[in-house]
C-alpha cells in the first residue's frame, strides 16, 4: 500500500480518530479514498451515536446544561432529553449545514481560555439561520465519533438524488407522525389515538368511515390496534387522491392503470414534455410503481401514478433551473447579483451581535456580495462592526479568513467584497496586507488598463475570484505617493451621516456615540408604539414625487405572514413617509415625539453647523496599498444619473429612499444608467430593526446589487431567494435583453408596446396535508382549518396582481378548490409567482405556508407546489402559459365597485402587509339574503383582464384544441361599460377556447349579454365610420385568417367555419338605424369572447363591445361555452358517453350544482322593423339550440332588484302587439323531427309587469307547478321544459308577422352538420330523454311569503292579459305569473308536431305556452 494512508495494523489504535482523519471535510462533503471500504467503521460510529452520550450544551454567558444526546433509529435526526420541547427536541440531519471541531463558534469565544479542552468541543450549525449547537463531550474520542458520524450522514444526504431524498423524507415523516401519535409508547395506535391524529392532520372524516378503514388496515388478527406497517396502509387508504384518479382515468381509457403508451401521451399532451419515448415511460413505471404485478405487466397504477406526480418530476419548479443554465459570458452589469447588507449582524442594527459565522452562512446561501464595515481597533487590528452603535465587534482578519474558506463552496462565480472603510491609513495598510496574504490568488490583481474600462468582465471570466469594492485614488496622484485624499461622500454607511465624528477620536466622543445609539433605539421603541396605535403594521420608507402625487403603485395590501416583515405605505389616504428626521418637512400627519426628531439633523447642537459645512468637502485619507486592490468595482458618488458614466468599472450606492425618488422621477434614465455600470441599493438608516424593503422595484429598473438584511427572514428575503433560484442559486441571474439594450419606462401602463405578453392560467385543483398555522394558540388541538389559496404576481407595476380561491370548510388534509385564476404578464422574465395558503377565520386569516418562484421557472401541466419549509404540504395545480397580443384592460362593473380590492399602494412596502379589510358593503348585504354567497364560495376578486385579441399557446401539442386563433390585427378599443348590465370584474375573463357545454348547467349566475347571432354571409364590404376617426376594420377573406394550430387528438376541418354568423368573407355591417357615436363601437372578428365565471366553471361568451351587428341577424342568445383551462379536454372525456356533452371539470370534481344561462334575446329594439321584416328567410343560417337560449319569440324579462344582471328594459318603448308569439304549425309541417338540446321559455314584459324577485328551488310550492299531460303516454310534466312537454298551437286570433316567424324558425330548425350546435356533437337521438332531474337548493325564505308574492304576480299578470285580450279574437289566455325567484333548468325539451292543448283553454283560444322562468 502506498500513499499517506496508515497500515491496517495501525487502525487498531484509535479507530475513530483514524477514521476522522480519513473523512476529509471539504465544504459539506466527504472525500473518501476508493481503496478503503469504511462501512464497518462507520457503522461503529452510528451504533455509538444511537446508544447516546451525555454532553454539556453551552448557551454563552451561563453554565452549560447537561443533556443526553442520541441519534434516532432512522438516523434522520439528533434528539436529546430531558427537554420541555418533548418530541420537538430534535435537529434534522437535513438541516445541518456544518460540523466544526474545536472552539470555533462565537459561543465558545465568550468563555475564557482554558475553560474547556478544545479536543472535546465541537459545534453543529443547522437551520436556515445557521444556529449553532455547541457541545462539550466527556472525552476527545466521543467528540471525534460524533463529528465523524455526522459528516458521514451529511455526505450521504448530499450525494442522493432528489427522488431518493423525497422518498426518504416521506418515510421519515410517516415514522415521525406514527411516533408522535403513539401517546402511550406501546408501538401501536388505538382507534382513539388515530382519531386524535386525524384531527391534528386536519382530516374531517365521519367516524364510521374512519372505523371502517381502521378495520380494513388491522390485518394482524384484528387486535384493535395498528402497527407501523398497518398504519402506513391506513394512511395510504385515507390519502388516495380522487383528482389524480380521475386524471388517470382520462388517459387510460377509463381503466385503473396507465400503460406506457398512455403515459407517453399524458406526458406529451399535458406536461408538454418533448422527446418522451416508450422506453423512458417504461423506466418511469419501473421506478415508481410499487405493485410487483403491475410492474411486471408494464402498468402504472394509481399508487405509482401518485408517486410519480408527487416526485420531483411533478414539481412546479423546472429541474433544469437547479443548475446554472443561463449565459454567463455577458458583462457583470447585465446580471442581477444577490447582495447582503451589514452581513456580520445577527439581529438589529443597534445592539445585536456581530459574528463571522454570518459570512459563512450567506456565502453558502448563494450571496455573492458581502459587506464589511471596517473601523480602527485596539492593538492596531482593524475591527468590523456597525459604527456608532452598541453592536459587538469582530476582527477584520477573522472575517477575511471566513470569506476565504466559504466563498466558493457552493459555486465558483465571483464574490464582491464591499468594504466600507473608516480606518486610519496605518490600519488600512494592515487591511491590505490581510487581504493579500489570506486571499492570495483568489484576489483579482490582474493588470488592467484604464483604457479598457468601457466593458466589465463576465462572471465566467472571473470564476474563483474575489473583487474588492471600495474607494480608489484618482489617476492624477503620483504613483509614488503612499496615500491620498478621496471623497467620502460615496460612503454607503448610512448611520454615520448623522453620527460621524468631527474632531477627536472615538475615546473622547464615546459619550456622544452612546447617546446617538440610544436615541436611535428610543426612536425605534416609540415608532413601534405608534405602529400599534396608528396602524397594526410597520411603517415603510416611501417618498413623494415633486408633484405630490403617488403615481402608479403596486399592492397596498400586503399579506400578514408568519415571521415576515410588516408594513404598508398607505393607510386611510395617509402616506407615511419613512424618515424619522424628515417627517416634519414631509408634512406627516402622525404626531411623533419631539425627541425622535431632535438631534438627527444636529440643528440644535453646536456641531450641527460645522457638520453641515463639513459635508460640503467631506474627504478621507486612503492608502495606496488598499487602493490598488480595487479594479473593476470602484465606489463613486453619483449626483446625476443622466450624466454619461466616465467608466464602467465603478459602482454607485443609493439608499432605498434616494433610489425611490429616482424611480419615480426618472425611471427610464435610471434604467439606462444601470446598463452602463453597477449600482447597489442598501436599506434606509431608519430600518434599525433590520427589516427589509421590497427589492422588486429596483430589479425592475435594472439595479444589479439590491442588498438585503439576510438575518431578517420574511417576504422580501423569500422574493430574493426565488429570484436567484432561477439560475441554480449561483448568485447571478441574467437580466432581460430589453434591460441591457434600449430604454423603456418600467412604471408605465404598457412598458413594452408591440411585444407579446404572457397569459398565465392557473387552475388551483386541490391541497394535500396542509398543517395548522404555526402560531395557533391551541396547536395541534386547534380547530380544523378552512384553507384558501392566494396567488400573487410580483413584477412590473402593471403586472402586480393577486387572486384567490374560495374557502373550503373544515378540510386541511385534502381540500378541493377547482378554480381557475388568470393573470396577464407584460415582462415574465423578471416576474415572480407567489403561492400562499391561508386559514380563513371569522376575524381575519392565519398564514399557513408559501412558495415563491420565478415565472420562468414554472413548468406547464399538472404540478405540485410544495410549501417552503414543510415536508408534505402541497397544492396541486394546472399551469398553462399562452402568448397574448393586443391591449389589455380591466373589465369593471357595478359589483366591481364593491368587491374589488383597495387601490394599489406603494411598491416599496417592506412588510408582509396588514390584516384583511372589513367585508365590503355588498358582502355584508349578500350574507343576509337567501342566495348570498356562502363562506365556501369564492371571495370577491378583481376583474380578469379583458382581451381584444386572441391567444396563442406557447406549447406545442395538447393545447391546440384549447386556443382561439388571433385576429389579423389590433381591434379598436372600446370604453369599458359600467353599470348593472356589465358583469362583475371577477366574473369576466378571456376565453381561450369555445366548446359547448352540456344541458347540465349551474344555477349560480344569470348572464345577460347577447352574442352576435347567425347571419348570412354578406358581400365583402368595408364598413365606413366617421366616428372619432376610427380606421375601417379589415374585411374580406383576409379578415378571417387564423394562425395555424396543431391538433393533438381529434382531426378537424381546416376550412374556415362560420361562427356566430360569421361568413366566409367575415364582413360586418353596422345595424341600420344605429347612431354613429361614442357608444357605438365596431365589432371585430378576432375579438376573444369574454366569459363569466360561475361556481362550476361554466362560461358564457358575452357580446363584444360595440354596436356592430351582422346583416339581418335576429339576435339569438349565445350558446354556452367552456374555458379550455377551466374545463380541459381530459375532464370532458370523463363522462360515460365519452362525448363533449359532459360537464366541466369543476362540475365533475367539486360541485353538483348546475348553471343555467338565461341570456335574453334582443328583439331589435331601436332597429328598423321594416329592415328586419324584409330579410329573406332563405338567407338566414340555422341557429344552434342552446340550453341557455330563451325562446326568441317572447320579449325580454324586466329587470328585477334581486337579479340586477338582467338587462333593464323599462326605459324602452312598449313593444307593439305584433311581437306576440306566433304559431309554429305552418313551418313545422314540412320539417323532419330533430331532437332539441333544450328550450326555455321566458315570461315577457307584457305578461309580467311586476318586477320578479329571486327565489331558489327550495322555496317553490305545489302551486308553482302547472301540470300538463302529453298525448298518448299521458306523461306528467311540470311545465318547466322537461322532456315530454308539448307546445300549444297559437289560435287563429293571434297575428303573425315576419319577425316572429323568423325567430320561431331559428328556434326549431337546425341545419345538419352544423358543428356550432351542441346536438350535432352527439349521436342521433341522444339527449331526447333521460336528462338529469332538477337540482334543488335549500333556502331560508318562508313558503307563505312566496305564496303571497306569487299570488300578487299572478293577479297583476291576469290584469295585463285582460288588457291585451281586448284587441284579440277570442277569450284571453289564462296564464300564471312568475313566482318570486323561481328557478328551473330546461334540460331537454321536445318539439313535437302541433297538438291540441289539454289545458283549461279551448283549442280556438290556445296561445303559445309560456313556461315558468326559474332563476336565482
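Each position is counted from 1, following the chain as shown.
A Cβ is built for glycine as well, from the same backbone N, Cα and C atoms used for every other residue.
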Field: Ca(2+) 3 site partner of 784, 786 (as recorded in Swiss-Prot), chosen from 750, 799, 810
entry: 810
Field: Three-class DSSP secondary structure - residue 487 (phosphoserine)
entry: strand
Task: Note the Cβ centroid of 784, 786, 810, the recorded Ca(2+) 3 site, then list each other residue of that chain whose Cβ lies within 8 Å of it, in sequence.
output: 202, 204, 783, 785, 787, 808, 809, 811, 812
When distances run from the Cα of residue 810 (Ca(2+) 3 binding site) to each of the recorded positions 341, 385, 487, the nearest one: 341
Query: Of all the active-site residues given, 341, 385, which residue's CB has the most CB neighbours within 10 A?
result: 341
- request: Take the C-alpha atoms of residue 385 (active site) and residue 341 (active site) and report the distance between them in angstrom, rounded.
  value: 12
- prompt: Non-local Cβ contacts of residue 487 (phosphoserine) (under 8 Å, 6 or more apart, same chain)?
  reply: 471, 618, 619, 637
- prompt: Using a Cβ-Cβ cut-off under 8 angstroms and a sequence gap of six or more, which residues of the chain neighbour residue 784 (Ca(2+) 3 binding site)?
  reply: 199, 202, 203, 204, 810, 811, 812
Message: For a quick check of understanding: among the binding-site residues 786, 810, which residue's Cβ has the most other Cβ atoms within 10 Å?
response: 786
Query: So what's the average pLDDT for the domain 'EF-hand 2' (205-241)?
result: 85
- line: Helix, strand and coil residue totals from DSSP for the domain 'EF-hand 2' (205-241) stand at 22 helix, 2 strand, 13 coil
Task: Report, in whole Å, the straight Cα-to-Cα distance of residue 786 (Ca(2+) 3 binding site) from residue 341 (active site).
output: 39
